[in-house]
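> Just lifted these from TrEMBL, have a look:
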type: BINDING; residues: 25, 26, 27, 53, 54, 55, 56, 57, 154; note: substrate binding site
type: BINDING; residues: 199, 235, 236, 237, 238, 239, 240, 256; note: ATP binding site
type: BINDING; residues: 263, 265, 293, 296, 298, 302; note: K(+) binding site
type: DOMAIN; residues: 17-265; note: domain 'Carbohydrate kinase PfkB'
């Protein structure tokens, strides 16, 4: 049974543009000055419990960027699971297919973050691993009517593969984040992914190639494209990312501005625009993909700070480069702004 009972009226009337099939994790986060060595006990200076999991993070961020979203996942029948469902609802996410089980606890992630934003994470997937093909069949109509479906590997690979197959067969754009990565990934994951997004470590595991530079990332991306991926994005932390596609077979390095890291799972939004160009979708669909790929790496507002400001409104943060421009402020609702030296998308105005 779905956890939330009957869906809210708005979800009976509106189709979810973004469907995420994936994980929900309760994050147990400790902040420390440095990461501990093996066998060492150190003092931290802050602890908090949060809502995480790659799938839920992606879904929440897509919802906050304006997309109608639905989360297909499984949590335990425990206090963490109850709180998680409530959190999804508060973020205007459909929980019609958020299932609960008594057979496992809600997934958890124990996280330690140091002052430089580096982290170590241990996950216990719990109920996430019980999401199955029967659950997907109940959600089939929602998945088949979406514009974009995204999944990862914090649920079983079989379930992720079934979700990709279901979406692909109905013409739904698919985005796959192969994390945590496995060396013997089923070849069908490559051919069923319209956008295949991984970081440098995951690229190394998948291809067997060392990835220490944008040039290395380009070689790894080429291997992944040869395996059947339509678009490949390899993220490189502070070095930005490298993109390659079947239609643009020359690797493209997209650098990022240097920022103070709050968390190392970040990505430049320029990547999203490249995805839009590569798979040739409409502008409205671009915003959905933009929302979706953004959250693959937990792109937090605090990592976007620069000294520039929006030309149409006196904002103090979040201008991000774009290749599009408009002629006047009447287009403000599209988040597109023009400046003499660059074009900006401003999240404060959004």
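Glycine is no exception: its Cβ is also placed from the backbone N, Cα and C atoms.
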> Among the binding-site residues 56, 236, 238, whose Cβ has the fewest other Cβ atoms within 10 Å?
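Comparing Cβ neighbour counts within 10 Å for the binding-site residues 56, 236, 238 gives 238.
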> Record lists 199, 235, 236, 237, 238, 239, 240, 256 as binding ATP; longest Cα-Cα distance in Å?
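Output for ATP binders 199, 235, 236, 237, 238, 239, 240, 256: max Cα distance 15 Å.
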> Taking the recorded substrate site as 25, 26, 27, 53, 54, 55, 56, 57, 154, identify the other residues of that chain whose CB atom sits within 8 Å of the mean position of the site's CB atoms, giving them in sequence order.
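So the additional residues around the site are 22, 23, 24, 51, 52, 107, 109.
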> Using a Cβ-Cβ cut-off under 8 angstroms and a sequence gap of six or more, which residues of the chain neighbour residue 25 (substrate binding site)?
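Residues satisfying the criterion: 51, 52, 53, 56, 106, 107, 108, 109, 123, 128, 154.
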> Near the Cβ of residue 154 (substrate binding site), how many other Cβ atoms are there if near means within 10 Å?
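I get 26 for this one.
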> Would you work out the biggest C-alpha to C-alpha distance among 25, 26, 27, 53, 54, 55, 56, 57, 154, the residues that bind substrate according to the record, and give it in angstrom as a whole number?
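The two farthest binding residues have Cα atoms 14 Å apart.
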> Give the mean pLDDT for the domain 'Carbohydrate kinase PfkB' (17-265) on the 0 to 100 scale.
92
> Among the binding-site residues listed here, 237, 240, which has the most company in the form of other Cβ atoms within 10 Å of its Cβ?
240
> Among 199, 235, 236, 239, 240, these being the binding-site residues, pick the one whose CA is nearest to that of residue 27 (substrate binding site).
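Closest candidate to residue 27 (substrate binding site), judged by Cα separation, is 199.
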> Check each residue in the chain of residue 239 (ATP binding site) that is at least six apart in sequence and keep those whose C-beta is under 8 Å from its C-beta; list them in sequence order.
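For residue 239 (ATP binding site), the qualifying residues are 213, 214, 255, 256.
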> Within 10 Å of the Cβ of residue 199 (ATP binding site), how many other Cβ atoms can be counted across all chains shown?
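Total other Cβ atoms inside 10 Å, all chains included: 24.
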> Measuring Cα to Cα, tell me the gap between residue 235 (ATP binding site) and residue 54 (substrate binding site) in whole angstrom.
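Roughly 16 Å, rounded to the nearest whole number.
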